[in-house]
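Reviewing the structure listed below.
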């Protein structure tokens, strides 16, 4: 891709998200989402391949449907209230329509089918943008309208997302699909807590973004896309593989790593609100995610992979071109747990 065109596309992508995040007018918010969507399509199609074309088509159809549903909700709300402002309380019909539209944009279950397919059809860099930056605009809208949303609908979407995110990743061998299902599960945790504590949702989002960017940065650095190629990285880049596997454990929410902190605080907050069954169910379902992360770690570092590893240990390891800020991201993705008391005070 021409560097100038790439810069314009990236600028439009960032501008679209920023417009959505700072606007209080529904028309501007919708315009920002559209800019975001149309700039993401060429990023997905950056590699000229039938899989990337298919992924871009699926992404466009899903996002266009969600945008249409969101605009329909905005128009109905305008008809009843006569106002375009986002701070205005929504009527029940509009609330349901907007929740479903934003669930489609975020990839929440049962509107999740496009996320693994689109992520698998793109390059690692495009997949990273899709699972991190593209979550910001819809989550900002949810943050602003959370008081008008239906609690039962949000909790249903959250439980389904955590369940599907765990089940879907169990039989996967492609790392991009595993990351996609992990994203669905994490979005479920954020959706569950947004109705009770928006600060916790933001904290969860920030930690999720750090862990996901770290994982993709390490995948890009080691050119790893499957569980088989991941098992072979141990021979050439053992330090990088160790960091990758530690970040995987953090992504699964294993204490004492960073990923445990948001889950711990979400369960605590929901228990304070006299909800015991729901956080217990969420914690049990999160074990599915941890299981397939542990399976990756087991096959990579503790045993030989089912196919014989013929790669010999090298006397001189590869010189890795580290992505900028990788050491910082790895540290933040794995060692934030001592700051948890401070986070609890802030919340």
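Sequential numbering from 1, following the chain as shown.
Every residue, even glycine, has its Cβ placed from backbone N, Cα and C.
According to Swiss-Prot, the protein has these features:
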| type | residues | note |
| --- | --- | --- |
| TRANSMEM | 3-23 | transmembrane segment |
| TRANSMEM | 26-46 | transmembrane segment |
| TRANSMEM | 67-87 | transmembrane segment |
| TRANSMEM | 96-116 | transmembrane segment |
| TRANSMEM | 149-169 | transmembrane segment |
| TRANSMEM | 178-198 | transmembrane segment |
| TRANSMEM | 200-220 | transmembrane segment |
| TRANSMEM | 239-259 | transmembrane segment |
| TRANSMEM | 274-294 | transmembrane segment |
| TRANSMEM | 325-345 | transmembrane segment |
Fill in: Long-range Cβ neighbours of the transmembrane segment (26-46) (under 8 Å; 6 or more residues past either end)
1, 5, 9-10, 12-13, 15-20, 52-53, 55-56, 59-60, 63-64, 67, 70-71, 74, 77-78, 84-86, 105, 118, 121-123, 125-126, 129-130, 134, 137-138, 141
Item to complete: State, in range form, which of 3-23, 96-116, 149-169, 178-198, 239-259 has the highest count of Cβ pairs under 8 Å to the transmembrane segment (274-294).
Response: 149-169
Discussion item. Tell me whether the transmembrane segment (96-116) sits in contact with the transmembrane segment (3-23), defined here as at least 3 Cβ pairs under 8 Å among residues 6 or more apart in sequence.
Written reply: no
Worksheet item: Can you name the far-off residues of the same chain, 6+ from the ends of the transmembrane segment (3-23), with a Cβ under 8 Å from a Cβ of it?
Response: 29, 31-40, 42-43, 86, 129, 133, 136-137, 140-141
Worksheet item: Short question: which residues 6 or more past the ends of the transmembrane segment (178-198) have a Cβ under 8 Å from it?
Response: 106-109, 112, 115-116, 119-120, 127, 131, 135, 139, 142-143, 146, 149, 151, 154-155, 157-166, 168-169, 172, 204-205, 208, 212, 215-216, 251, 262-263, 266, 269-270, 273, 278, 282, 286, 289, 292, 296, 347
